[in-house]
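Over in TrEMBL, the protein carries these features:
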- 376-387: compositional bias 'Basic and acidic residues' (COMPBIAS)
- 376-412: region 'Disordered' (REGION)
- 185-227: repeat 'WD' (REPEAT)
Amino acid sequence: MASSAGLALCGHALVVRGGSRLLATSTSSSDDDSLFIYDCSAAEKKSQEHKGEDGQPVDQGSDTVLASTFSKSGSYFVLTDDSKRLILFRTNPWQCLSVRTVVRRCTALTFTASEEKILVADKSGDVYSFSVLEPHGGGRLELGHLSMLLDVAVSPDDRFVLTADRDEKIRVSWAAAPHSIESFCLGHTEFVSRIFVVPNHPELLLSSSGDRTLRLWEYRSGRELHCCPLTSLQDPTEPWSDKRFAVSRITYWSQEDCVALSCDGPVVYIFQLDAAQRQLVPKQLLTFQHRVWDAAFKEGHGLWVLQDCQEDPLVLFRPVGGQWQSVPESAELKRVCAHVRVNWAMLEGCAGMDSGFSSLYKAACDNMTAYLRKKEQRLQQQLEKRRQAPPPGPSGPAKKMRAGASARGCSS
């Protein structure tokens, strides 16, 4: 799956990634204005040459970052690229700890709550675990699906591993025995693009899908609590309102129980989680002049949005009078934007790249329409043949019969 630009926040650390590079800095004015830049194309590569069945070298990828995330405390950061590498960093100070190889290209990854392991989901449907404490250790197969995995999450107590796949399913497995399935959360009608366990309500799960809905679950029982169509916040007159899309990021602000969703378009959806009533309340639709690449909350600070605009690559929103409004005069925003503008080259290749979900939609199969169309074509062909056939008349079979009859009459 292709990956566009990405944004990650944890504490004062902020990471912007694009192409094969990442840029890490701090949002705090008290920290020094230092940058950490890492380019995956310069990372360690496997020494052996991969060859296919025909003996020719197999494409090793373009080093594009596919997925990345912080650990819960922000002490670690991990990414995976399309050259099948898993790269682990320490964040204070920033340092690359290891470069490991994964079996297949990955679609999502997460840290366990204890920060002892990294769980990596791949396109073949498998989840592997990699040790954080032993940064050079190999991966271990934990569980598998029969379909491509699109996201993976863990419960806050590390008891459950949750996986979302292309075939509309969310599976809840026991972490200690992944073959033991606690439940399935079923209800989406298209691929499940993202899942998110609510940290301050650890029994609840949020999920998004290509069916353009945001759903709330009690995941241990597999019970759907609420389904909220994203179209409830859309203006039907907007040119993009009838476009198929899937959410590429679910981010959450525990302080206000606020949920923000970004997708492949110029909008960010804002919902309120009413945990007592077990429902989601649509609050606001933030619209932009440029495509939104990613969005992330910083606890107690606001919503950061990364967009396809070199002049204003990042926008900061804060709640004012019940509505989210941009804060253009923020000193930390100006400082971070200046860093991104200087390194804009790493984001230029993301401009025309989609989120990778467009190929995952179910193909429509309307056999009746095709049958009726072919039937109509056959009827038209038969009608055309009849029009071109010579009409019956004196020169046809009747004339020959009369000629034969008169010959027999003469012979008698």
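The backbone N, Cα and C atoms fix where each Cβ goes, glycine too.
Here the repeat 'WD' (185-227) has Cβ contacts under 8 Å with residues 150-157, 160, 162-170, 172, 244-250, 252, 254, 257, 259, 261, 269, 271, 273, 275, 278-280, 357, 360-362 of the same chain, all six or more residues outside its ends. Helix, strand and coil counts from DSSP across the repeat 'WD' (185-227) read 0 helix, 25 strand, 18 coil. Residues in the compositional bias 'Basic and acidic residues' (376-387) partition by DSSP class (helix H, G, I; strand E, B; coil) as 12 helix, 0 strand, 0 coil.
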